[in-house]
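Participant: This structure is in structure tokens; I'll ask about it shortly.
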Amino acid sequence: MISLLRSIGLIFLHMFRKRETIQYPEEKVVLHPRWRGRIVLTRDPDGGERCVGCYLCAAACPVDCISLQATEDENGRRYPAFFRINFSRCIFCGYCEEACPTYAIQLTPDFEMGEYNRQNLVYEKEDLLIDSQGKYPGYNYYKVAGLAAGVKGKGEGANEEPPVDIRSLIP
Amino acid sequence: MVRIYIDQKPYDVKPGKNLLETCLTLGLDLPYFCWHPAMGSVGACRQCAVKLFKDENDKTGRLVMACMEGVRDNMYLSLNDTAAHDFRSQNIEWLMSNHPHDCAVCDEGGSCHLQDMTVMTGHAYRRFRFPKRTYQNQYLGPFLHHEMNRCIQCYRCVRFYKDYAGGKDLDVFAAHNHVYFGREKDGVLENEFSGNLAEVCPTGVFTDKTLREHYTRKWDMTMAPSICQHCSLGCNIIAGERYGALRQITNRFNGAVNGYFICDRGRYGYEFVNDPGRVRQPVIRGEKEGRNLFESLSGILTGGKLLGIGSPRASLEANFALRRLVGEENFYQGISENEAGLLRKILAIQHSGHVYTPSLKETEYADVTLVLGEDPTNSAPRLALALRQAVRTKPLENIAGSNIPLWNDAAIREMIQDEKGELFMAYPVNTKLDEVASGMLHAAPEDIARFGFAVAHYMESSVPEPEGLPAQTKESARRMADLLQKAERPLIVSGTSLFNEDIIQAAYQIGQALEKAEKKAGLCFVLPECNSAGLAMMQAPSLAMAMRAAETGEFATAVVLENDLYRRAERSEIDRFFNAFKNSLVLDHLENDTARKATVLIPTATFAEGEGTLVNNEERAQRFFQVFMPKNEHIRESWRWLDEFRQFREGTKPDELRELDNLLEELVNAMPQFKGAEMAAPLSDFRINGQRIPREPHRFSGRTAMLANVAVSEPKPPVDTDSPLSFTMEGYRGMPPAPLTPFYWSPGWNSGQSVHKYQSEAGGPLRGGDPGVRLLGNAVHFSNGFHSASPAAFKRQMDEMALVPLTHIFGSDELSVLSPSVEGRSPRPYIALNSLDAERLHVSEGAILKMRIGDQVFDLPVTLKNELPEGLAGLPYNLPSLSGIAWPAKGVLTNATV
């Protein structure tokens, strides 16, 4: 009996607490930068596509909702010929972002992706690629990779010696 | 058997092996780089360190390289010892200090031995903060991409390319920590086996350039066990597909056939499957659109008699289905009478019981080899690699007493120096194998046959001696006869390349003479195409007979199976042949002249889209499996179409056509000479624990997205009714039977190096035996027409030249030349002449000669080959622009400028 009254009392007191419910969509949710929502493909500081088509995001995806095809430009720089995410399957686990060696694929604090037609949840590269570096500014994979793909020449990278002169015997 | 103790556990192991292969055979994971089962140990990479103890009481021990330490009785060693483990881990760390941050853009990633070994030793974080060494790359031609920064200096590439494959243009340059593996300068890698570098290299220095055009990781490919379609040897391959296109061919180990290596034609010749010009829709010419296919076909299939032309590049099943459709007496081999005669003879020899037909692996152990009228480098490339091994391994017999184990590669090479086994090459022009040959003869095909007869004569005097042989030829024949008689495993290689029956007869005479001397001679014949033996075993008459039958006018329709007849005979003859019929029904996957001539054209599956059985040159029946289900429902196996046509012809309604149960079983019932072919692979109802064998690795990605652009609801995956393989990643995860292994993978071993997990011992045969069933020994009579009269010598004719067909690895094969990469390596048409003949015609190198064969005229630039006997002209065999010549041919040459 007493506990019953105590509960009623507590609930009564809650009426005077600060409201947690917000008036969505008029009022927007506050999301943290690391909130895992809509997936984007970012660009490097020079404006080039960061994605190198390594397929690691697709392999890491537990629901296999990422599909892409790597291709190359005339400099040997890899990029995805197509990049498709089926958001009707995506569980926003963020494994793709963890797997990405170039910071290309990132999850963003946006969840407003509802559609009336499920087919519209299939995002192609033009829907995913944004004109920003996202959460990791300043990183350019091709500056630290060993191969030359039009960004830097052999031996011009961040931590590289100039190319070996194979005709020299000097130690 | 000796007993060794690894980490205090006793194991009984085979003596004569090194510790590394022993550990791998026992299933223990020991990292390595430079050791290769086909190439032995050199101890260059220092990766396979283990702790070796003096005896069981020794607690200190010492570090040794497992690959350089032979197995002895009562050996105590430890793999898990801290010092050994730390050594391996630090060694990787050193190797990785200069390895670039490239895995994301490296084609090796996901099937990389270096990745696997790094994970295995536990080196996860780079501590090296200093600048990395870099190199400039080289252009290496259309097959391989070079990325030298990734090199870990294991020396496997040069050991394979120079030592094993006999290449000249890849080497190691510079010194100390700057060594460079590449060519002297940019340029195309010349060796025919260069593509193997992509598999031999433990990391991504050499990668497949055609894969790069449509890059896919190994884990993303749908793969199936397949058989190479580009020559008669039947090398085993793994074909991988993604998004409906064939992406890559890799080697599939078969201890009896190709072992660890395939040639570049086999590896890069696959792109005809992705050719945009392929036949994709059934075409009925002169027919209004909109009718059902079978309605349109009803007149053709049910009215009048059918004449069937089989094909040496179609499977056994397809040829048999055609034979059943048209009736046994109306079924013809789609090859020229000459070729059919040669094949009849070869089959008769192989079934005669007098000679032994060695497998490709066995040819590697021949001690004396005589090659009569073949250039294996071009006509059966993998055989040339095997013959090189025969020459290399023969001198190893002499080191038996020297206490050096055979796996100790550097030491035995040092010991034998330049010693070689005996190889004699008889071919009209220089061949690549000449450089390792101890003798050679450049002569006309007739004279090569006479040389063979002379060899037989010196061994067995009842064989008549060919008259009028030059003294030098006599001398080499006598020497060869002597060597063959002394040999323990003599091998004669011959074949159909020169279209000369006497050469084959000569090979047989030598074999018989050796048999009388109680030697079992190995006779290895090179045949023209991937299923030439299978088609010939059906014992059908040749194309010439079909033409004669067509002229009777009793046939209404010709049914041509996967065969471009315009490559088989002169254009006018084939035109006349087709004109004898009211209709011609052609089944093919390629748009070629025959397909253009067809009134009904039916699209068929290539080896990647269908399955079938091929019989190779040693009469080994091998099964290839469908890699992927084509999106286009019209692309189906020829045998499926043909069997439906047969049912339809017999009165079944189109919607009541039955699926085939087991065509091979019916084939064996109808033709007992194929008994055993049905056992080449497990039947379609084979299951392990009720499960199919998945074609896709367990990491296969993108299943819910790859078709989402078409429809977001995923379609049901296709079901394979013809094999125990599934088109998905679900199924049995253990070790499948050898003929059904779609890819090599084992936990911790993602690269192709994992093949040792599938072998009964490291480097040995596959578990459960190497796949393929030899069809020899079935008592079926093949008529032979043997004779022992030696042919007349070749005589130069004043008015015309005798032409010899010169096969080319890149270009002479109909299908592989459609790959852009192979096409880029194929020679332009030419005519090869002796300079004396050229002088007579007043032409020099590069000048254009007009050549007339029958009613065909070709304009060809001259290439001088002075080794070619006078009166002979060499013509590249079967180049797309030089096909349709009836071999053996003669041609009239005229100077175009005069």
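From the backbone N, Cα and C atoms, a Cβ is placed for every residue, glycine too.
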Participant: If I go by TrEMBL, which of A:C54, A:C61 binds [4Fe-4S] cluster 2 at the same site as A:C90, A:C93, A:C96?
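Facilitator: Candidate listed by TrEMBL for the same site: A:C61.
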Participant: Counting only residues 6+ apart in the same chain, whose Cβ is under 8 Å from the Cβ of A:C90 ([4Fe-4S] cluster 2 binding site)?
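Facilitator: Set apart from A:C90 ([4Fe-4S] cluster 2 binding site) by at least 6 residues yet with Cβ under 8 Å, we have A:I39, A:V63, A:C65.
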Participant: May I ask for the residues of the chain that lie six or more residues beyond the domain '4Fe-4S ferredoxin-type' (A:39-71) and have a Cβ under 8 Å from a Cβ within it?
Facilitator: 77-87, 89-93, 95-108, 123, 125, 128-134, 136-142, 151
Participant: Under 8 Å Cβ-Cβ to anything in chain B: which of these binding-site residues pass, A:C51, A:C90, A:C93, A:C96?
Facilitator: none
Participant: Can you tell me the three-state DSSP label for A:C96 ([4Fe-4S] cluster 2 binding site)?
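Facilitator: DSSP call for A:C96 ([4Fe-4S] cluster 2 binding site): helix.
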Participant: Distance check, please: Cα of A:C57 ([4Fe-4S] cluster 1 binding site) against Cα of A:C96 ([4Fe-4S] cluster 2 binding site), rounded to an integer number of angstrom.
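Facilitator: That comes out at 4 Å between the alpha carbons.
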Participant: What is the separation, in Å, between the Cα atoms of A:C51 ([4Fe-4S] cluster 1 binding site) and A:C96 ([4Fe-4S] cluster 2 binding site)?
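Facilitator: Checking the Cα atoms of A:C51 ([4Fe-4S] cluster 1 binding site) and A:C96 ([4Fe-4S] cluster 2 binding site) gives a distance of 12 Å.
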Participant: Cα-Cα separation of A:C96 ([4Fe-4S] cluster 2 binding site) and A:C54 ([4Fe-4S] cluster 1 binding site), in Å?
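Facilitator: On Cα coordinates alone, these residues lie 11 Å apart.
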Participant: In the domain '4Fe-4S ferredoxin-type' (A:39-71), how many residues does DSSP assign to helix, to strand and to coil?
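Facilitator: Per-class counts: 5 helix, 11 strand, 17 coil.
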Participant: Would you please pick out, from the binding-site residues A:C54, A:C61, A:C93, A:C96, A:C100, the one with the fewest other Cβ atoms within 10 Å of its Cβ?
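Facilitator: Fewest other Cβ atoms within 10 Å, among the binding-site residues A:C54, A:C61, A:C93, A:C96, A:C100, is found for A:C93.
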Participant: Return only the integer: C-alpha distance in Å from A:C54 ([4Fe-4S] cluster 1 binding site) to A:C61 ([4Fe-4S] cluster 2 binding site).
Facilitator: 13
Participant: Using Cα coordinates, what distance in whole Å links A:C93 ([4Fe-4S] cluster 2 binding site) and A:C100 ([4Fe-4S] cluster 1 binding site)?
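Facilitator: So the alpha carbons of A:C93 ([4Fe-4S] cluster 2 binding site) and A:C100 ([4Fe-4S] cluster 1 binding site) sit roughly 14 Å from each other.
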Participant: In this predicted model, what is the average pLDDT of the domain '4Fe-4S ferredoxin-type' (A:81-110)?
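Facilitator: Averaged over the domain '4Fe-4S ferredoxin-type' (A:81-110), per-residue pLDDT gives 95.
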